[in-house]
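Undergrad: I have a structure I would like to understand better, so I am pasting it below and will then ask my questions one at a time.
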């Protein structure tokens with residue numbers, strides 16, 4: 001049977017092949033090497049390595065170390081035994097691996113005697129371990145006292161007996177996979193399982209690397225998550241990385257604060273940061289999409305108004321088209337009639353020309369007749385003048401000669417003798433040809449006038465004038481409406497983008513909020529014993545168990561009232577305080593989720609509405625027709641032709657066609673961004689999960705600080721233990737006083753329910769109430785009911801004291817009402833109680 005050894009002082013490996021020793025663990029297959037070094041295997045594993053032999057102690061059969069006093073001293077000593085110089089021990093570890101203890105039957109200078117391993121050492125401070133079988137051979141106090149520390153000399157070279165076995169195990173030990181696992185395991189132990197003051201350089205280096213990595217993560221979040229430009233994100237993340245790297249490397253406080261930020265994500269501040277991300281996603285996703293679809297609906301309405309306006313213009317055009325066709329036809333008819341009139345006038349041209357020629361000939365004859373008439377007038381006038389002159393001369397001569405008888409001369413003075421030759425006679429004689437000429441000219445003139453009048457009958461002119469007016473009055477033009485809606489939506493969208501930007505900035509500051517929350521928690525934890533001191537930890541239970549073994553008063557198990565505000569960190573179930581936090585967190589997240597769900601619902605509803613309109617609103621209709629007006633004029637005369645030509649202007653033959661399509665005005669709905677909606681849902685699931693994990697996160701937060709500051713945790717445990725004991729004693733005293741005071745009150749002043757009254761008045765109802773559970777027996781101390789047989793009644797006659805098991809124990813089996821001891825063996829049954837309450 002392999003001998004067991006117990007580690008009496010922890011050892012942290014410093015070289016390859018060393019075995020890490022943790023206080024209290026056991027080793028087997030321990031073999032002494034050279035100068036105080038040994039090789040062994042951890043019990044229950046295959047991990048083999050070298051370690052200082054002075055750090056272990058053999059166990060007795062009962063499992064206790066042989067050197068109990070030395071174990072106690074070394075466990076509490078702040079200084080470890082002085083390590084030997086490794087020399088070639090490292091090579092031994094590298095050559096023998098995990099199963100070295102099974103391949104060392106003979107180790108040269110290493111000797112085995114009766115299961116005990118001995119190694120002769122030389123030198124002034126050499127220690128020769130001896131392991132006798134009796135307890136009287138334990139190491140005495142004098143061996144461990146004083147300033148002399150165990151000294152292990154430098155390792156010797158590998159014994160000759162080991163050389164032949166080195167090749168068989170070297171390949172296993174030098175395996176890269178095993179070596180990497182060992183390195184990682186050792187690094188983990190150095191980082192997380194060592195004391196706060198150990199391996200400072202390694203912890204500082206890892207802290208700096210973590211700070212740089214967090215800076216890179218912050219850059220990615222600022223640039224790709226929030227949308228900062230590269231320079232801004234680089235400046236923010238660079239400064240933060242420098243601060244975090246320097247803080248993590250130099251300060252345990254900073255490393256503790258950084259660790260506290262992780263569980264603080266599950267608190268209200270962390271949920272606020274997560275919900276701000278959801279708000280940002282809502283604004284850039286559903287809210288923006290709602291505005292986009294609303295703008296599309298407005299554009300569709302504007303397009304419909306524009307389409308109606310254009311259709312009205314088309315109808316106006318169709319109304320004008322037949323009138324314009326009639327006007328054009330009338331113009332053509334007028335031109336045709338003018339052509340006919342010209343033809344008629346051209347038909348009378350020969351007559352007119354003949355009359356003109358006749359009139360010209362008559363004009364020449366009239367001129368000749370005029371000359372003859374003038375000549376005739378001159379001849380007759382000359383004859384008349386000579387006649388008058390001759391008679392006057394005869395009369396004058398007669399008067400001259402017959403002055404006395406001048407009267408005789410009067411016979412000669414007769415004017416009528418020359419009268420036939422006067423002007424009138426001359427005119428009548430000479431004007432006769434002229435009268436004939438005038439008559440002919442008058443006849444020709446009348447004929448020409450009649451011919452002109454007939455020709456003027458075919459002379460006409462057509463003047464066309466038409467008034468075709470159409471107007472469309474609107475309060476705003478379609479363009480004005482579209483631009484107004486576009487401007488309104490642009491302003492709203494800009495507002496949303498500004499809100500998104502502000503929320504992004506606030507989200508970036510939420511990291512600082514978590515940092516300050518973690519800092520404040522650490523500060524209060526280290527400063528105040530009362531702060532967040534509500535957790536029952538393993539050490540608390542250890543302290544309580546220790547007091548129990550010492551026969552002192554203990555706290556555990558907790559009382560009902562204590563469970564309301566104290567939390568057992570080793571329990572998987574939530575405490576009442578944690579349940580209250582869970583309820584509040586769930587309500588806040590669910591209210592936020594309902595609001596976000598409403599926004600998403602409106603997004604999908606508007607998209608669905610526009611999709612339905614686009615699907616079923618595609619309407620195409622066409623209006624077409626033909627109008628025709630024809631007149632038929634029979635006859636072949638000029639009037640028939642004239643009327644046929646005239647009526648033709650009123651004939652019309654017009655085709656009309658109008659089509660309208662709503663396709664161009666159908667809204668193109670913007671589909672909700674499914675990726676953002678899924679992201680919102682996932683974040684809400686994470687938020688709800690964090691609410692459920694909040695209780696465990698707060699426990700972990702407490703454990704983190706306790707890990708970094710174990711001495712502070714110990715003082716807080718003692719404070720909590722003392723406070724709980726003081727509260728319990730004070731509560732018991734107050735409870736006893738309250739029971740005395742309450743039960744001295746007159747029964748008439750107590751509140752009695754209807755079921756109590758009925759149970760007293762009607763005995764049969766008392767049994768029914770008991771069977772149905774309407775009547776319950778309650779503890780007068782805590783007002784809680786327990787199962788039948790777990791209630792205890794004061795033995796004093798007419799004492800109303802009835803107590804549950806816990807109050808019975810708390811009151812030390814005494815009734816504070818009558819100061820009598822309770823009889824534990826007397827079990828109270830519901831039928832024996834007088835206190836009943838309705839549920």
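Every residue gets a Cβ built from N, Cα and C, even glycine.
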Undergrad: Write down the single range among 582-610, 611-639, 640-668 that appears in TrEMBL as transmembrane segment.
TA: 582-610
Undergrad: Could you tell me which of the ranges 152-171, 172-191, 272-291 is annotated in TrEMBL as transmembrane segment?
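TA: In TrEMBL, the transmembrane segment feature sits at 272-291.
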Undergrad: Can you tell me how the residues of the domain 'SH3' (3-60) break down into helix, strand and coil by DSSP?
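TA: Helix, strand, coil within the domain 'SH3' (3-60): 3 helix, 28 strand, 27 coil.
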Undergrad: With pairs fewer than 6 apart in sequence excluded, do the transmembrane segment (272-291) and the transmembrane segment (678-698) have three or more C-beta pairs that lie under 8 Å?
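TA: Between the transmembrane segment (678-698) and the transmembrane segment (272-291), contact is present.
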Undergrad: Averaged over the domain 'SH3' (3-60), what pLDDT does the prediction give?
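TA: When the pLDDT values over the domain 'SH3' (3-60) are averaged, the result is 82.
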